[in-house]
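So that you can see what the record holds, here are the features copied from TrEMBL:
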type     : residues                               : note
ACT_SITE : His238                                 : active site, proton acceptor
BINDING  : Arg48, Lys146                          : NADP(+) binding site
BINDING  : His176, Lys180, Glu214, Asp233, Lys338 : substrate binding site
DOMAIN   : 11-185                                 : domain 'Glucose-6-phosphate dehydrogenase NAD-binding'
DOMAIN   : 187-483                                : domain 'Glucose-6-phosphate dehydrogenase C-terminal'
Amino acid sequence: MIPLNEPFDLVLFGSTGDLATRKLLPALFSLHFDERLPSDWRLIALFRRQHDDFLDALQKSIMSKHSFDDKTVKTKWNAFIKHIVTFSFDATEPGNYGELKQVVDQKPNVNTIFYLATPSALYGKIASGLAKAHINTPNSRIVLEKPIGSNLESAVKINQLVCRHFKEHQIFRIDHYLGKETVQNLLVLRFANTIFESQWNQKYIDNIQITISETLGVEERAEFYDHVGALRDMGQNHLLQLLCIVAMEPPARFTPDAVRDEKVKVLRALRTLTDQDVHKKVVRGQYASGISNGNAVEGYLDEEGVDPSSETETYVAMKVEIDNWRWAGVPFYLRTGKRLVHRACEIVVHFKEVPHSIFDLQHKNTMANKLVFRLQPDEGIRLMLCEKKRGPGVSVRSTELSLSPDYLNRKRVPDAYERLLGDVISNNQTLFVRQDELIAAWDWLDPILKHWDESEQGPESYIAGSWGPAAATLLLAKDGRLWDETCRPLKGDEADSVIKESGS
Ligand code: BG6
């Protein structure tokens, strides 16, 4: 693994939040554990109220995340905490920025990374507080968590405020789905091979489905989530970013702006939704009580912290069309939801059927080729093909070519935040969202939000532990299609490139 050489200070706003303790700080510890960090780094952890048990809680969260069976874990933890400075800080209190400057100034020659894991309404205030106290320099970086804004107008405003004090090359808008291993593998598969790219268009592809399904409910984030909902939490960023990676043209180079230039073209080519389209092509749902992972769970409206009359969606499905030569007539079906039957994230590329079958048509629907990119819980790629069933006569069956990476056999798969944190430290913006992408995504989404605001019809309820509302099944049924719901885990013994049967 490549070491990260530049000394740095990571100033983390919102250090006790769910994101920091569940994802970000465990990722930082993993980089430290793997000895990828330079010797000179500090985490300046800011939180509003003093938390005496911060380190204990963090240790618990980190150790529960990975099974570090290495005997050195205790020693590594003790070394890790020596890099941490905790600091009581209120972002709305101007005087606090002067005190922060004193801490940052203790290390004048390191790169300072400001990581904003707070509600985005605070981003402008924090950026200007840092500037007024002269804490940021031309070498500083600022990382912004999603969702940035709650609609087009607020996203534009927040960006303008941050851009007054930081240049675009200093701003890292993070979407952790871009840090997942399979996403990069998808880029390599598309752009380092000729066989797929030549088929990657409306001539050969029938439809593409992107599913991010979660079994979790809103957990401890109910208050935040109830103001946000699935479309802003997952749709505006993760789903649309995955769509961009699948649909973009080949960039001329693998450089930050070349990649992002192509992604933004996809977002700008998304067919604008009229009010009628939103009604026909977008489905929103909210989970009711049910069974999740074998346990009875309550409905969204009964969750602590949720307004009992809330119309916030916990599920969204949409049919998206891209108006360009490559994708004319190919629907992209996107969906995400909480409290669904499985935890999985898959991109399924459905190829067209052969124009004329000379074989028995009994299994026609299952015979079209499919390329499945599985992002989680395990990661891998598989291609569904047809072959002759062994034995007398000629009957055709579906078979599977698995291209699962060898790291499936390793003990620990690096987390998306590890990669992206490493990219911030080494100043590589390729996997971060540029301002024009963010605005284009909100621009496309705004009609949906407006339509929902004005609509008298709330989200359709679905049973926790199901695949979501019935209207989502109908969305595809109207087009004569079905959601791909195989979502089968890959196993360790499938880690090599092997051809496996998948029924007859
Ligand atoms: C976050 C959302 O961006 O992604 C959460 O805010 C969601 O609501 C999470 O649970 C899912 O991430 P992952 O990597 O666990 O699929």
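Placed from the backbone N, Cα and C atoms, the Cβ positions cover glycine too.
Curation does not apply to TrEMBL; its annotations are automatic.
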Fewest other Cβ within 10 angstroms of its own Cβ, chosen from the binding-site residues Arg48, His176, Lys180: Arg48
Glu214 (substrate binding site): tally of other CB atoms within 10 A of its CB: 19
Among Arg48, Lys180, Lys338, the binding-site residues whose C-beta sits under 6 Å from ligand 1: none
Greatest C-beta neighbour count within 10 angstroms, which of the recorded positions Lys146, Asp233, His238, Lys338: Lys338
Segment-level pLDDT (mean, integer) for the domain 'Glucose-6-phosphate dehydrogenase C-terminal' (187-483): 93
Reduced DSSP assignment, His238 (active site, proton acceptor): helix
From Glu214, His238, Lys338, the recorded positions whose CA lies within 10 Å of that of Arg48 (NADP(+) binding site): none
Spatial separation of Lys146 (NADP(+) binding site) from Glu214 (substrate binding site) - C-alpha basis, Å: 18
Max pairwise CA distance, angstrom, over record-listed substrate binders His176, Lys180, Glu214, Asp233, Lys338: 20
For His176 (substrate binding site): DSSP state (helix, strand, coil): helix
Distance [Cα-Cα, Å, rounded] between His238 (active site, proton acceptor) and His176 (substrate binding site): 8
Coarse DSSP state, helix versus strand versus coil, of Arg48 (NADP(+) binding site): coil
